[in-house]
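Quick look at what TrEMBL annotates:
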type	residues	note
TRANSMEM	A:9-31	transmembrane segment
TRANSMEM	A:51-79	transmembrane segment
TRANSMEM	A:91-114	transmembrane segment
TRANSMEM	A:134-156	transmembrane segment
TRANSMEM	A:168-188	transmembrane segment
TRANSMEM	A:200-220	transmembrane segment
């Protein structure tokens, strides 16, 4: 078995990242991020005004929401190659990816439904917008555990030539810690922890983008070094 | 595969993951019972003022924040069970089925219902009818999400019963079948608004809890023994 399939799937990640960047830049809801203090009438007016642009990005994201899954799947395979007693961290990683991706899709749907019918009751548009932000910002639990599982498998790797260098584990722990504040966004309407705040929004986007850009070559290197060695079957 | 020589605790990965199981379920209990007051469930026939009052309590948001920070531990707990199923003499279909069930289960049975309650508390001024809808959606999704758990208990129970490697005791497999039965019994919560089959009813909630709580503890003990008894030469890093 060679690593051709892994490499093909891995190289779908850069275009996926480019599309996510495009969606992010074009999304009116993020430029600047809508404040949680807006009244339902203001939210409804915003969705009416930016109806077309919002729906365009919602459709794009609906198509690309799962497009980083191959990158994570390759990571799961590489985690399973680390020499630990079981596949517990690869399994946990895969489940976290499935759950986290679903949360992202639900956020996308909520924004889509909010824009779909501009004359809907403003209370309902506001509720859908709240729900979208909840799903987009708050559920950091899976990505935190996902990164910690990745880190733990690197720390515990007993190979004399480890699959990943140790700094990758530190990097994953740091990313997990920096993403964690988003969970508290539900408690605030203003300040850094609110969903439009510097900790919950700006820091999170910067950390996620940096994470992906750094991890791509790291994973590519691990795959290239795998050669013809059989992956552990999960 | 060439291993480094120093190996003190070869099962450390499994023990680390296993240690999060009681932590997560304790936290899960605290979040849903004393902290948010969601459990035991309030009545489906509560009056609109009662619903508004409950849906606007700040403790719901605190519960929501803790859950969203920690719900990733549910996948890790499930992964611990999956590793024991992997040791059984059964096909991978059992563990893959449980894996997929736990992915959707985490959203429909945990995150989404918690968000329904959190959204109600997040903003004042929503119409009582909007809050009542969130209340219904929250409770129905929490107590009435059935299918993804059916497939999990089916896969787990059957794997234990069919296994010839004696990884987990057979009676635990038959006990797990009862978990499946509680999901079937919870189906009428989508119809009844009072009585034993409402979402706060004797059969759908209390009977299910009587089966579930001891089950969770027993599974924990059995998995602990199973990890402990796994021979070292069977480990993937052996």
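Cβ atoms here come from the backbone N, Cα and C positions, even for glycine.
Here the transmembrane segment (A:51-79) has Cβ contacts under 8 Å with residues 6, 9-10, 12-13, 15-17, 19-20, 22-23, 26-29, 89-90, 93-94, 97, 101, 104-105, 108-109, 111-112, 114-116, 118, 146, 149-150, 153, 163-164, 212, 215-216, 219, 222-223, 226, 231, 234 of the same chain, all six or more residues outside its ends. Tertiary neighbourhood of the transmembrane segment (A:91-114): same-chain residues 29, 43, 47, 54-55, 58-59, 61-62, 65-66, 69, 72-73, 75-76, 79, 120, 125, 128-129, 131-136, 139, 142-143, 145-146, 149-150, 234, selected by CB-CB distance under 8 Å and a gap of 6+ residues from either end. For the transmembrane segment (A:168-188), the residues of the chain that approach it from at least six positions outside its boundaries are 36, 133-134, 137-141, 143-144, 147-148, 150-152, 154-155, 194-195, 197, 199-200, 203-204, 207-208, 210-211, 214-215, 218, judged by C-beta separation under 8 angstroms.
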